[in-house]
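S.K.: According to TrEMBL, the feature domain 'DUF112' maps to B:19-442. Under the heading transmembrane segment, TrEMBL lists B:12-31, B:43-65, B:107-130, B:136-157, B:164-182, B:202-221, B:318-341, B:361-381, B:393-410, B:416-431, B:438-461, B:473-491.
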Amino acid sequence: MKRYLHTATRLLTRRMAMAALAGSAVALAAAPGSTARAAEWPTEPITIVVAYPAGGGTDISIRALTDALGEKLGQPILVQNVGGAGGGVAATKVAKDKPDGYTLLATNSTSITLAPLVQKALYDMDSFEHVAIIGEFQNAFFTGTKQPYDTLDGLIETVKSENRAIKGASQLALDRLVMQYIAKERGVEFIPVPVSGGSGSVQAVMAGDVDVAFSGGSWAPIVKAGDAKALFAASYERLKLAPDLISMKELGFPFGVTSHISLHAPAGTPKEIVDKIAAALEPAVQSEMVQNVGEKRFMDMTYRGGDAAAAVMMKERETYEALVKTVGATN
Amino acid sequence: MIEYMSIAAGEILTPTVIGYIILGVLIGYIVGALPGMNRTTAIALAIPFTFTMPPAAALSFLIGINKGGAAGAAVSAILLNVPGEPSAVVTTYDGYPMTKQGKAQKALVIALVASVVGDLLATVVLILLAQPVARFAIGLGPIELASILIFSITFIAAVSGDSFYKALIAGILGLLLSAPGIDIETGLPRMTFGLLELYDGIPLLAVAIGTLALSEILVQIDEGWRGDHRYPQVAADKAKDSEPVFGMKDAVQVAPSILRGSLVGTLVGILPGLGATLASFLAYTWVRQSSKTPEAFGKGAPEGVAASESADNATVPAALIPVFAIGVPGSLSTALLMGAFMMHGLTPGPFLFKESGSVVFGIYLGMLLASAALLLVGLFGQRIFSMVIQIRKSVLLPVIVFLCIVGAYMEAGGMFGVYLMLVFGFVGYFMKKFDYSFVTFVVGYVLGPMAELTIRQSLIISDSNPAALIDHPIAILFLLLAVFSIWRFAIAGARSMQIDRAATPTDEPSDTPPEGGDR
């Protein structure tokens, strides 16, 4: 009896499996596939691939705007975190994805503009349509309160008089390049102390272990609390959220670095769709939630879409090309 | 102050908010208990649902998930020998033997009590001492962290179990596994075989799910084939008629372990990047080493479960201390929570109190309520979960395999994570078969990247000059402790191997149920 039952269930499940298979075949045949016209887009949920683990600045700003964006587009927005290789894994994945507007990449613009220059990457600037820039990190260099200097010149003088190299907490290829450039220009040596993330920079500074550190915003609250001193902004112009801080331009450098939070679609995505996303993004970025997050996280959430965004990305690329050439090292 | 408290109480002590907190703990508990599912993902998914809640309620809800997850992970560790999360791996050491002895109910209650107490104590430290403790912790730079990690690595030798050398080999293999990835100093890829997915190292969760969960399933399938149903089919509460599940005697027995576990968990939790797995591992080792009957550990000692679980849960509130006090997150789940703070208009850090004092009190109150909710959810949840061990294996095992695959897909980078998980499932299977400690393997792997980072940082900062240590007394202390522990464990371990070899020619682990933890 038991055995009979067993066979029966097995048959049953097999038949069910066949039915399911047949069903899905029908579904496949009936599906419009990727031919859905741009005019009807979107007819299914849109996935935004965030290139970093959940909790970072890019992730938080995207999560803050999904509700507003989804409402505008009439489809839910799914957020998928694909961390790895400083954004490289996600960029590779999206670059190879179908250019149908249903998969977008949210990343730090340096992973598109700088990364292909300094590490082996399976994508480049032209693997993407640059949909929009939704915000700007407030990159700056800072140091601990116990250090005797308050400026870049003070730092250089101090290490020169002590006849040693600058030790700086470095979390990215970006800050390493900038410090190496500055060190070369001013005739000192720079030794990067690798740290992980902005919180690593903050820790290194507060423990008093480094001369200088870089972060995209983590520096602001501890500087405000009097636990650290900001030295200078890494951007060419002054930072929007810290207008008192001297910038690279004023220090006499011909460039500055700004990391943007940017949104990209695989190259070949129809322009109509890109424009549609961009149009829906603008009010979403201006929503209270996003602005709130920007303020707390010390990010300047200003929307730039279309050609403006592409121009910013191009400019960034040129800066990094020149920088890599000058520093000459590939690290 | 009083004014803040009354505002906070008015906001939190409403049926809706209390309901949210219980719901959060419940979600966490279930996610924690399911192998493969991870509480960090649960928090990430839950954040959008909190947008409509008031800030204090939202954060209590999210912290509740975290707390529930830390406690829930013990359930599957005890009942199935499959830790729900890596941090519960040490709980399997004594929890599962207790289940095999028909003491599942007791093990679960001890784990729960330990979780709640550890959680509560660390929450109290957070409330009373956040500022000074966080200030102290942030002053510990790479040199101190490196010495703490070196000290922790020497502990691998202490949990060797049956075979000292095999445990050491497994631990070192675990450490080596952290070699692939981008070299932190030069920025060049190292042993990545051109795979972009390996640039950030081998994903921890793929390794953990494979070696901890899937491997156990393979072992059980293997044993089922051989007709050896090791799976306990006994009713969970065999001991019910003779004595209470958790009596005064048990409480007295495990209390010191819980206190030690809470202490270790709180300290490790405050320090950035060390994490709950290390905390439970250190607590377990400490309690075992200081026990009068260290030989009972690994065979169903309630103290082992208590130490591991209290430490695991204590790290949850402790990891929030640097977030509240300085605004620096020490782990992925706290980074997520910090993001949630910001979305709700709070700025974690020194100004949190000045700017939003009443909300902070609300969160404190919510966290205390979450501890209470944990006890409640745990007591009811265990009744239901402990039925799991009576489910037929042919039903249960496929479900767990499914969860492993989904978990690896979600948490370890898509299909790549799944393949890795499968590979490590077989690695773990053979390790279990040949009696190599998979615990030291995983602990070695968890410690590896952090140890490398901090040691290399220290070398750069100190110009590789050992004289720099003079300015770091805490580092010297831990390095001395490390030397002591190498001397103590290595010599004792090597000696025990020689004695073992002389006494028993076979290295088959004995299956006879030893007497529990009764002294």
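Every residue, even glycine, has its Cβ placed from backbone N, Cα and C.
Keep in mind the model is a prediction, meaning the values are calculated, not measured.
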S.K.: Other than its close neighbours in sequence, what residues sit by the transmembrane segment (B:202-221), given a CB gap under 8 Å and a spacing of at least six beyond its ends?
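M.R.: Residues 35-36, 38, 80-83, 85-86, 89, 177-178, 180-181, 230-231, 393, 397, 400-401, 403-404, 407-408, 411-413, 417-418, 420-429, 431-433, 438, 441-442, 445-446 contact the transmembrane segment (B:202-221) from elsewhere in the chain.
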S.K.: Sequence-remote contacts (6 or more beyond its ends) of the transmembrane segment (B:318-341), Cβ cut-off under 8 Å?
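M.R.: For the transmembrane segment (B:318-341), the list is 39-40, 43-44, 47, 50, 58-59, 62-63, 66, 122, 125-126, 129-131, 133-135, 137-138, 265-275, 347-350, 352, 360.
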S.K.: Six or more residues out from either end of the transmembrane segment (B:393-410), which same-chain residues have a Cβ under 8 Å from its Cβ atoms?
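M.R.: Those are 34-38, 41, 80, 82, 205-206, 209-210, 213-214, 217, 220-221, 224, 229, 231, 417-418, 420-421, 425, in sequence order.
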S.K.: Take the transmembrane segment (B:473-491) and find every residue of the same chain, 6 or more past its ends, with a Cβ under 8 Å from one of its Cβ atoms.
M.R.: 140, 143-144, 146-148, 150-151, 153-155, 157-158, 160
S.K.: Just to confirm my parser: what is the rounded mean pLDDT across the domain 'DUF112' (B:19-442)?
M.R.: 86
